[in-house]
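Just below is one structure, and these are the notes that go with it.
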Amino acid sequence: MVSQEAVVFLALSGAIAFLLPIGLIVWFKRKYGASLKVFFIGALTFFVFAQLLEGGVHVYVLQVNEMTKEAMQHPLWYGIYGCLMAGIFEECGRYLMMRFFMKRHHTWADGLAFGAGHGGLEAILITGLSSISLIVYAFAINSGTFEQLLVNGDVKQALLPIQEQLLHTPSYEWMLGGIERISAIAVQIGLSLLVLYAVKNRRPLFLLYSILLHALFNVPAVLYQRGIIEHAAAVEIIVALIAALSVYWIVKAKRVFQ
């Protein structure tokens, strides 16, 4: 049986993923006059550059090309690749969209809106939708209907690890996904302001800074995936510290854009 606590924490994580981006853009619009158009440009940027383009490269490098697939088995190469690819695609995408589609939107509030849209769609796709599917699987396990989903070998291979996760993961860990999204959105807003500064002041060197900082933010998650960091809570503590620095920059950046 999947515990009630696990289901509750999954629901809370999903709620954070869906409601936080909406709450942020409503707040930013009411208090700072942020643009809904910029919010949706930020969301589109994540979808195109992270989900489609970066995702396509990952399929080729990690699955199709045998040489790179084998090379990525080494933790060092996988770590470097994973961290840098996210930074390159998302930050270059941010720069291009701001440069060509936000020519009249270079204010501090625009940076807030873009980051909320970018990080918001990321939260919905990564944590929100997965929380919903996991809750559905949890109810199926508890009602005894999960086995009916295992119609063939491929489905079993995909679903049995999910069943193991739901049954054996400590309940509190399901809440970490929602907490991580809070930190991630803060970082995405901070990076959006950094890239917008690069665009506004024609200082592309700050794009390089954003790529490196984005890569740094991804290091704890990659180390956890490879088993170098053993506890998920440790990852979230590190990520929260990075998010706190991002919030400090977000507040200070208001003067920079005046």
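Every residue, even glycine, has its Cβ placed from backbone N, Cα and C.
As annotated by Swiss-Prot, transmembrane segment applies to 8-28, 38-58, 70-90, 121-141, 176-196, 204-224, 231-251, with the evidence given as sequence analysis.
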Interface check, the transmembrane segment (231-251) with the transmembrane segment (176-196), three or more C-beta pairs under 8 A: yes
Stretch among 38-58, 70-90, 121-141, 204-224 sharing the most Cβ pairs under 8 Å with the transmembrane segment (8-28): 121-141
Range from 38-58, 70-90, 204-224 with the greatest count of C-beta pairs under 8 A to the transmembrane segment (121-141): 38-58
Sequence-remote partners of the transmembrane segment (204-224) [C-beta within less than 8 Å, at least six residues beyond its ends]: 78-79, 82-84, 86-88, 90-92, 94-95, 187, 191, 194-195, 197-198, 230, 232, 234-235, 238-239, 242
